[in-house]
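J.: The structure's right below; bear with me while I get my questions together.
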Amino acid sequence: MTTSWSDRLQNAADLPANMDGHALKKYRREAYHRVFVNRSLAMEKIKCFGFDMDYTLAVYKSPEYESLGFDLTVERLVSIGYPQELLNFVYDPTFPTRGLVFDSTYGNLLKVDAYGNILVCAHGFNFMRGPEIREQYPNKFIQRDDTDRFYILNTLFNLPETYLLACLVDFFTNCDRYTSCEMGFKDGDLFMSFRSMFQDVRDAVDWVHYKGSLKEKTVENLPKYVVKDPKLPLLLSRMNEVGKVFLVTNSDYKYTHKIMTYLFDLPHGPKPGSSHRLWQTYFDLILVDARKPLFFGEGTVLRQVDTNTGKLKIGTYTGPLQHGIVYSGGSSDIVCDLLGAKGKDILYIGDHIFGDILKSKKRQGWRTFLVIPELAQELHVWTDKSSLFEELQSLDIFLAELYKHLDSSSNERPDISSIQRRIKKVTHDMDMCYGMMGSLFRSGSRQTLFASQVMRYADLYAASFINLLYYPFSYLFRAAHVLMPHESTVEHTHVDIHETESPMATRNRCSLDFKDSDFKRHQLTRSISEIKPPNLFPQKPQEITHCHDEDDDEEEEEEEEEEEEEEE
């Protein structure tokens, strides 16, 4: 009779160290069902689940939605005086990726790492090589904090804008009617800087979103532009069983109502056979016109929406939370008060790394779940093109072999040029599998700015929040060890540093016998006082204190409960 792991693990003596010497393989869900972890999070501690709407609950179809936004923005630019030829451009989803930086001085799109080092540089449709890049960026580096010059195109809404900027720069650089300059272009005596062009594009994008017909055309053909997932009601109803669920969106009520009605327009309720429910019934709190990221700071006045007309009722709402009421404005502090929750009780789920994730974490301490729809393709390439990744590893091995028996006394210079060329070729082929700008998360071995932001601010991330459906609400999302190079490339074998290293590299932190006279202060320099400190040396912790990665505050909770009991 075999014993299940769950039964064996009930006994501390049967923990992995004593599991009959068999190698254990960690169980993992299918890649397309996975939720990935940057910081450990215990789901049973989450009391409230918060959602953004656009690109989170409502996922817009790609490239249909981006094409619509692109076309409308081009039409707006032409209407204010830009050349008619621009109407011939068609959105190409293989070119842009999120997280690119636009240099408004030189008109370049830059893919950079977390420190501002340039990984890819494109001027229009022309991908610049190393020498060209160094002419404008001598160290292949930018000052990211120069926000007046560099604009980060971080959101999914930025994708059409990213491609449009490339189209415009390429057009004005190569069209015979215009004279190309380093910082813009000339039409006779008229000069247009890339900075002015960029501002025109920004203004046109804002006009399309807030005054134009983007939302109108979207709701006219929702099946074409919005993904409907029949599992959505089931997940929200299960969340309702273990906590509160709320919606915070920047969209107005009329648009929100049409989108949400479509998402929940199913022949059944949470489960097949159950009766249909209105979308409002799945949420304890609904808040529109949030104006994130301002919402996570001082916020705006909280008002009540008249759901019959979509207009706001007069006055500030000061009452308690009421089920079925739709609110406008407000702030994250107000949400916490209405829900009776504090920062870490809340898991907020959104797609906007700045407006949703960074601000909710830094200002409120909310736990964060970042939705990254591109992750599905990233995982596909990662698994489908594994041969390219394996070849890169093999090339690293060949490179190491060439230097294997050489040290500082060697005059031999191995010819590594062919290996370097092959590494560049394989890295390029690998990048092109993702699109013209390469992976969202890396360029070769270098992680992108976007990847560093995901790791820094998102506790959890996945291609879709629907993946939470495949985990119990008691689940502990435990972060994997993030290894530094000296940890990931060194085997777990004992090395005696006293015998193998120079005296300059032997600093250690092992215990010493401080009672030995050799470690007492020298009597000639200072006499030892007869009055000794209460604790002469620190004591090694006898209880578990170094457990910051487990999202485990049991002792704090017990202390709080004891204090509450004493007060009663």
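Keep in mind that glycine also has a Cβ here, set from the backbone N, Cα and C atoms.
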J.: If I go by Swiss-Prot, which of Lys45, Lys215, Lys217 binds IMP at the same site as Asp52, Asp54, Arg202, Asp206, Thr249, Asn250, Ser251, Lys292?
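T.: Record check against Swiss-Prot: IMP site with Asp52, Asp54, Arg202, Asp206, Thr249, Asn250, Ser251, Lys292, extra candidate from Lys45, Lys215, Lys217 is Lys215.
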J.: To the nearest whole angstrom, state the Cα distance for the pair Lys215 (IMP binding site) and Asp54 (Mg(2+) binding site).
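T.: So the Cα of Asp54 (Mg(2+) binding site) lies 12 Å away from that of Lys215 (IMP binding site).
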J.: Determine the mean pLDDT over the region 'Required for tetramer assembly' (548-568), rounding to the nearest whole number.
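T.: It averages 55.
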J.: Can you tell which of the binding-site residues Asn154, Arg202, Asn250, Lys292, Arg456 lies nearest to Asp351 (Mg(2+) binding site) in space, using Cα positions?
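T.: Closest by Cα distance to Asp351 (Mg(2+) binding site) among the binding-site residues Asn154, Arg202, Asn250, Lys292, Arg456: Asn154.
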J.: Going by DSSP, give the three-state secondary structure for Arg202 (IMP binding site).
T.: helix
J.: May I ask which residues of the same chain, at least 6 positions away in sequence, place their Cβ under 8 angstroms from the Cβ of Asn250 (IMP binding site)?
T.: Asp54, Val288, Asp289, Ala290, Arg291, Lys292, Gly355
